[in-house]
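Asker: My questions will all concern the structure given below.
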Amino acid sequence: MRFDEAYSGKVFIMSRSNYEKSKAVIFGMPMDWTVSFRPSSRFGPNRIREASLGLEEYSPYMDKHLEEVAYFDAGDMLLPFGNPQRSLEMIESYVDKLLADQKMPIGLGGEHLVSWPIFKAMHKIYPDMAIIHIDAHADLREEYEGEPLSHSTPIRKACSLIGPENVYSFGIRSGMREEFQYAKDSGMYMAKFEVATPLKEVLPKLAGRNVYVTIDIDVLDPAFAPGTGTAEAGGISSKELLEAIVAIAHSDVNVIGADLVEVAPAYDPSEKTPIAASKFVREMLLGWV
């Protein structure tokens, strides 16, 4: 006899045991091979799962219970340590399979570069997609110290893939001058410093569209999420990010997938970062799936 795995801390709380009957699939991407400052986000997915044990299954934000959403936690991918290219290929292939099985991908990072292969996989099925990007950093570099495969490049790659006019960034407060100039010149949407208010203004314009949402935990002020590789002072509160997640849930956009990245537990002995992240994942499941 085995005790209920859904309450073991090895999977996200209340994860179903049946992949076939699930609508969404949670999967971890434990990669921090290109991190330029502080590594450890490869340990993020499992710490988020463990922190989920402290959650209530009911959300007063969504007025829903996790028993109402069929999701399966596939665990962490076995990515080759130190090999970004092969790791990204594996992530893209896995998301291809999820989409072929008509599952909604919910990815846990890991550094933000892991979002890039997901964008590519999603674009094959949803060529008209838009991306909502919530982050402290612009991530619009073409390369970092000569390396195009970097955690500082995924949104620039997304602009090349789907067109900058289909990329909407919120909460941005850090980047090179050239990144901010690119955003201004290219036609992409960038809201600096804030998330909830500008997002609510943009969502009606995205009504009816297929939207992928990528959230970097460092959009939060370090007071709320110190456990991240590149913390940036001057961020938003946990309350504002919850408000943004709820706003997306109550909008007319069609969320086709999502990820939450850059939880680096080594820098947060209090565990407030994975605790917050687990709550965000709960709201994403209840509001977007």
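One-based numbering along the chain as shown.
Cβ atoms here come from the backbone N, Cα and C positions, even for glycine.
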Asker: In Swiss-Prot, the Mn(2+) site includes ASP135, HIS137, ASP139, ASP216, ASP218. Which of HIS112, HIS250 does it also list there?
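Answerer: It is HIS112, as the record lists it for that site.
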Asker: Applying a 10 Å Cβ distance cut-off over all chains shown, what neighbour count does ASP139 (Mn(2+) binding site) have?
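Answerer: Summing over all protein chains shown, ASP139 (Mn(2+) binding site) has 27 other Cβ atoms within 10 Å.
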Asker: Please work out the number of neighbouring Cβ atoms within 10 Å of the Cβ of ASP216 (Mn(2+) binding site), leaving out its own Cβ.
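Answerer: Its Cβ shell of radius 10 Å holds 29 other Cβ atoms.
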Asker: If you count, for each of the binding-site residues HIS112, HIS137, the other Cβ atoms lying within 10 Å of its Cβ, which residue has the minimum?
Answerer: HIS137
